[in-house]
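Presented below is the structure to which this report refers.
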Amino acid sequence: MILLIDNYDSFTWNLYQYFCELGADVLVKRNDALTLADIDALKPQKIVISPGPCTPDEAGISLDVIRHYAGRLPILGVCLGHQAMAQAFGGKVVRAAKVMHGKTSPITHNGEGVFRGLANPLTVTRYHSLVVEPDSLPACFDVTAWSETREIMGIRHRQWDLEGVQFHPESILSEQGHQLLANFLHR
């Protein structure tokens, strides 16, 4: 079962739908509706941290979940979840040079992890005004994808199964979103 932590964002349900279409059993819980003990009792096999309209500091249990389950369970962070992943390990989340709300843009990636087998460059949909500051990215992460302006669009932990994407693979305008999520689901 995938535990999908909802950071009060409607895109959470797009992620839910995509994972269900891929055959996953998914349980959605709001970021303020469960504890780490509750999660232990649920015994998820994977965790997804959803997008949201706030900063990682305002994302309920999301930061604690990443810190607690890093190295224990595979975790995928999407948009806010991606930012929370970097911040949980000491990275800084800052205002983006340009607000991207409902905009598509090409990204380049390294072809590994969730990007395995995907087009390169890949057109994705972005809904964010914050980004991970490149100079602050903890050394335990590799940058796996970047925009034309070199903003970080994907990260992966060097040792543990933690991966984040700044964009929205669950948006209908993103290319190969199902495949990206399948790459996370089936590893």
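Including glycine, each Cβ sits where the backbone N, Cα and C put it.
Some features that Swiss-Prot has for this protein:
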{"type": "DOMAIN", "residues": "1-187", "note": "domain 'Glutamine amidotransferase type-1'"}
{"type": "ACT_SITE", "residues": "Cys79", "note": "active site"}
{"type": "ACT_SITE", "residues": "His168", "note": "active site"}
{"type": "ACT_SITE", "residues": "Glu170", "note": "active site"}
Integer Cα-Cα distance in angstrom, His168 (active site) to Cys79 (active site): 7
Cys79 (active site) versus Glu170 (active site) - Cα distance in angstrom: 11
Cβ contacts of Cys79 (active site) (under 8 Å, same chain, 6 or more positions away): Phe11, Ser50, Pro51, Gly52, Tyr127, His128, Val165, Gln166, Phe167, His168
